[in-house]
Amino acid sequence: MEGAGDCSSCVGVMLELARGISQWAHGFKNGVIFVFNTGEEEGLNGAHSFITQHPWSRAIRFVIDLEAMGIGGKSSLFQGGSAPWAIETFAKVAKYPSGQIIAQDLFLSGAVKSATDLQVYQEVAGLSGLDFAYSDATAVYHTKNDKLKLLKPGSLQHLGENMLAFLLHTARSSRFQKEAEVEREGGTGQTQAIYFDVLGKYMVVYTQRFASMLHNSVILQSLLIWITSLLMGGYPGAISFGLSCLSIVLMWIFSLSLTILVAFIIPLMSTSPVPYIAYPWLVIGLFGAPAILGALTGQHVGFFFLKKYLRHVYKKRVPRLSHNVQENLIEWEAERWLFKSGFIQWLILLVVGNFFKVGSSFLALIWLVSPAFAYGLMEATLSPSRLPKQLKIITLILGLAMPVLVSAGMIIRLVGTIIGVFARFERSPGSAPDWLGSLIVAIFSAAVVCLMLVYLLSYIHLSGAKGLVIFAMCTLLALTLTAVSSGIFPAFTEDISRAVNVVHVVDATGRYGNQDPASFVSLFSATPGKLTKEVENLKNEEFACGKNKTLDFVTFTVNYGCWSSKDSNNGWSKLDIPELHVESDSMSDIRKTRVLIDTKLATRWSLAVNREEISDFTFEVDSEELVPSGHKSMVDGWHIIQFSGGKNSPTKFHLNLFWSTNTIHPSQKAYKQAEDTASLLLKLRTDVNMVTPKVERVLQKLPHWCSLFGKSTSPYTLAFLTALPVQF
């Protein structure tokens, strides 16, 4: 794997920045330190080592982290909301400022299960900073396709020009040192920064405090206008308001229903449950078309009930008008209520976002205020007795110009990122249903259509284009479903590969009922879907696939995969199997057990401690305590330790286990029956970067659209498994 995007590109840009800054380093009031560290993928070890051990670390006041989640596009700011002054400076001096608070919201919410070096600087040293990353073509992340030929030179130029301007400005700034110090001490009283760019040319930055004031003002004014309008409209106005709200509900129900139906159909029609990874534009036909169909249908039903009620109102209100004129008035007023119903959903989102201090609530603000202002300017009347007119096209253009300008690029990039993530969607392969990925895209597509096309769709019912729109959407959906089912557009290509892992496993846990270690090659994928086509290429290797052989890799579990024991006894030695040896087991106030961990030739390993049995522990190497006693986290009943060292790293460690108070020493009381004897106290996986003959053959036979995938939790191509039972 070349790692051109993640993150050789960052190294190249930093080297060029160092050269440039050395030439313009005149009048600097602050130093600039370039840190090139490894170990980011192995638990952010490099950043941690620098900030805790390097003598220069005490001089650090602010951090800029360059990252990559793809191999091109704009390098955008996606974290840094706690330093408004820094973002304001970046927005002012960068040539092409790019950043979206919505990316920070998603990252901090846990929707993106990842971390960057900035997290270490924030948590360990209390520093503030900015995080930048590419996100285009994110499907190539950590695969063989993260290569130089796909890296876009314009992306490097974009990052370099922005960073050079920012670094030169901050290095010469006398304000920088003061702001960074005050921020570090928590004395600014500042809140999170809200930021977003407009077409990558201009960035808007303001604080959460100002956002709250602005949002509260808009919310109060909106409620006041609605209440006044409903009081002036009387009982008919209240009923019409209720029916317009019903149209919104129906629009969401129909749109979600159709897109979710397609999400369930796709795995039945296609060889891959996510057939749009290589060609993301297929999502327009697969989910955009049914979302529009559903939204238009739901809105039409609401439009029907509105007209039915308004007919009753107008018979009493203006009984002398001719039937044709009356019908036109009814349709025009119903159309207006549909348009105004868009205000309601955006107002609700603004209220919720403001309450929870969600940074991306600015979207609700823009999509509420701009169309409402255009409607008030071009359409609204002060007299409820005035008869309605048909909505003007200029109202739609004025109302949507600003929201579309701000949101369109953001939504397109977000969709691309979401689709790319599906190439490595399953942290534990086979743990999620095949349709889950498409379900997420379906819900997102329906939400975008219902929220952002509500104003446009309200115009279609009287435009005469309704039939044409329905026909076009049905045709588009049918064509894309046909293309996907026929394989015209394959799910994976040479440049957009399926992420797979091929691991020679030596399992010495005894889970297969014998004392000898079990040896086999495991094939699994973080990309949703079966491995049928991949195994077809592995002729004579005798792979079997299914969910009947769950494989626990300590940091994750393979619930669906393929395995083969044929010719798997070569390329490894029993002497390399790690050992968990109990050196002592004593009982005083609490039970304490000391375990020797010998990882043999492996310097990369993962250990799981059963937290239901163990209340605390310490971890030592050469009598030096690496992990002290104290609060230990737990995930599904286990605390995970991951270790990665260099070629001279130690391979023998000591683990001191302190049992839970309700645990009884085996010499005092017998354990319960079978379920206790089968439970594990410790689980250990050691990784060896070695390709065995069996693995080499498998790698050669895999289809060209497959690529090995690696993360800090992933094993190498040779992994040893061992365990210590509770009843040792």
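From the backbone N, Cα and C atoms, a Cβ is placed for every residue, glycine too.
Automatic prediction, not curation, is the source of TrEMBL annotations.
What TrEMBL records for 2-166 is domain 'Peptidase M28'.
Proximity of distant same-chain residues to the transmembrane segment (218-238), defined by a Cβ-Cβ separation under 8 Å and at least 6 residues beyond the stretch ends, is recorded for 313, 317, 343, 347, 350-351, 354, 365, 368-369, 372, 384. Look at TrEMBL and you will find 218-238 (among others) tagged as transmembrane segment.
Residues or ranges marked as transmembrane segment in TrEMBL: 245-266 (among others).
Positions annotated as transmembrane segment by TrEMBL: 278-306 (among others).
For 394-423 (among others), the entry in TrEMBL reads transmembrane segment.
Positions annotated as transmembrane segment by TrEMBL: 435-456 (among others). Panel annotation: around the transmembrane segment (435-456), residues 248, 251-252, 255-256, 259-260, 262-264, 266-267, 273-274, 276, 283, 286-288, 291-292, 294-295, 299, 338-339, 341-342, 345-346, 349, 367, 371, 396, 399-400, 403, 407, 411, 415, 418-419, 422, 425, 528 of the same chain, lying at least six beyond its termini, place a Cβ under 8 Å from a Cβ of the stretch.
The transmembrane segment feature in TrEMBL is assigned to 468-492 (among others). Through the fold, the transmembrane segment (468-492) approaches residues 262, 265-266, 269-272, 274-279, 282, 284-286, 289-290, 292-293, 296, 460, 498, 529, 705-706 of its own chain, all at least 6 residues removed from its boundaries and within a Cβ separation under 8 Å.
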Tertiary contacts of the transmembrane segment (278-306), as residues 6+ beyond its ends and Cβ separation under 8 Å: 139, 240, 243-244, 246-259, 261-263, 266, 334-335, 337-338, 341, 415-416, 419-420, 438, 441-442, 445-446, 448-450, 453-454, 457-458, 460-461, 466, 469-470, 473-474, 476-477, 479-481, 483-484, 489-493, 495-496
